[in-house]
Amino acid sequence: MDWGTELWDQFEVLERHTQWGLDLLDKYVKFVKERVEVEQSYAKQLRSLVKKYLPKRPAKDDPEIKFSQQQSFVQLLQEVNDFAGQRELVAESLGIRVCLELAKYSQEMKQERKMHFQEGRRAQQQLENGFKQLENSKRKFERDCREAEKAAHTAERLDQDINATKADVEKAKQQAHLRNHMAEESKNEYAAQLQRFNRDQAHFYFSQMPQIFDKLQDMDERRATRLGAGYGLLSEAELQVVPIIGKCLEGMKVAAESVDAKNDSKVLIELHKSGFARPGDLEFEDFSQVMNRVPSDSSLGTPDGRPELRAASSRSRAKRWPFGKKNKTVVTEDFSHLPPEQQRKRLQQQLEERNRELQKEEDQREALKKMKDVYEKTPQMGDPASLEPRIAETLGNIERLKLEVQKYEAWLAEAESRVLSNRGDSLSRHTRPPDPPTTAPPDSSSSSNNSGSQDNKESSSEEPPSEEGQDTPIYTEFDEDFEEPASPIGQCVAIYHFEGSSEGTVSMSEGEDLSLMEEDKGDGWTRVRRKQGGEGYVPTSYLRVTLN
């Protein structure tokens with residue numbers, strides 16, 4: 001069965017069908033192009049992800065590489081990187097064998113289809129023109145016949161009219177004879193046109209158009225076959241990389257089997273915990289009398305104890321702030337309107353952004369200085385003075401960014417101190433030691449400050465540091481020579497092991513009993529004394545404290 005025999009009268013249907021076939025081919029090419037983009041984007045993101053998480057230090061300098069977890073992770077990253085390479089091979093194969101070749105083939109098919117249908121339309125136009133000529137000759141023959149009949153009737157009527165002259169009768173007969181002759185000529189012309197049209201029509205329907213339709217059928221079948229082969233290229237491109245992908249997956253499986261599940265659970269907890277401390281029991285606050293406790297030199301309270309009560313009460317309320325009444329939030333530059341953990345994260349983001357901008361400006365300044373040196377050595381390349389405004393602008397931006405970095409660093413230190421203080425009440429619930437404070441241990445000279453100066457420090461902690469003191473560290477270096485207090489103000493137990501490696505700190509073992517010499521002043525460090533000798537600062541979050 002062929003189109004020329006069965007679909008001889010379906011020219012428009014074949015035109016729509018062949019157009020649909022080419023549109024389907026183009027649609028598939030477009031689909032593969034988007035698939036290639038997906039594969040390339042996927043591979044690029046995988047490589048970026050691997051690069052992001054690969055250790056920055058060489059293996060010989062990385063102590064973490066000694067752990068099996070780290071070795072498995074590095075192996076997993078390498079397998080993912082190899083997997084990304086296979087996705088790039090799939091994208092490359094599809095881009096060449098499908099996108100380029102099929103797109104080129106589609107253009108060839110469009111040109112061939114256009115040529116066949118142009119030929120068919122020309123044949124249709126010729127047949128229509130022949131039919132129009134046939135209709136014209138037919139109408140002319142019909143009109144001449146009516147005129148001849150009318151002239152014959154007129155001549156016969158005048159011949160029978162006794163009042164008509166002989167000249168009128170002769171004239172009417174001549175007119176009738178002329179009309180008959182014209183009708184006979186129109187008849188012959190109509191017959192010739194009819195014979196010619198029938199011949200052209202038979203050639204059109206039985207020879208010319210069937211040949212065109214058969215060519216279109218052949219073209220469409222070739223296009224469908226090529227499209228089917230293009231469909232198969234999707235699976236072929238995948239099958240070519242399946243063996244290597246299988247090796248990558250097997251490598252990932254081997255790496256996964258060497259991971260400690262218990263340790264992964266602990267890591268998951270650390271990654272997703274909210275950071276808020278669970279509220280402890282509320283203490284009774286007796287406002288009817290002042291506290292009788294005698295403050296030591298290292299105590300945070302004043303002699304009458306009232307400021308210390310207010311501080312404890314404010315800390316207790318601060319720990320339960322998520323359950324309090326929500327007031328209208330006023331957005332501040334230091335993000336103090338956010339919870340402590342969220343504030344710390346936002347400040348870290350802002351600090352990282354400022355550092356990136358600062359590095360960019362410094363690189364630009366170096367580039368401008370090198371360009372200026374080149375201009376000075378080679379004047380024909382440019383005017384060195386033209387770079388001065390840009391250099392001055394860059395310097396201004398660097399100074400501005402440095403001030404902003406110092407400002408956010410100060411705010412971040414305060415936020416981290418608040419986060420550490422929030423963790424103090426729930427130490428017994430931790431399954432692993434919390435991170436030690438990021439600030440340096442305070443100078444021992446600060447232990448002699450009275451509660452009034454402490455209150456002033458707390459009231460001014462929310463204000464950004466002045467420009468003059470932004471280069472000054474928050475705490476001075478710790479002095480190993482402590483001032484011996486009169487007596488310990490309490491006892492404490494080490495919940496976790498701590499290696500006091502920095503100046504001013506002291507080491508302690510898990511479960512060790514210590515003497516409390518000075519309370520935490522809000523910076524995350526507590527001063528203690530070991531029974532076997534030695535005094536220094538340890539993280540407050542590593543202790544369970546009991547006051548005398």
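Using the three backbone atoms N, Cα and C, a Cβ is placed for every residue, glycine included.
TrEMBL does not curate its annotations; it predicts them automatically.
Among the features that TrEMBL reports, coiled coil is placed at 124-200, 341-418. Residues or ranges marked as compositional bias 'Low complexity' in TrEMBL: 441-451. What TrEMBL records for 1-264 is domain 'F-BAR'. The annotation domain 'REM-1' is assigned in TrEMBL to 337-414. Under the heading domain 'SH3', TrEMBL lists 487-548. Positions annotated as region 'Disordered' by TrEMBL: 294-323, 420-485.
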Local confidence of the coiled coil (341-418) - pLDDT mean: 86
Residues of the domain 'REM-1' (337-414) by DSSP state, where helix covers H, G and I: 72 helix, 0 strand, 6 coil
Composition by DSSP (helix, strand, coil) of residues within the domain 'SH3' (487-548): 3 helix, 30 strand, 29 coil
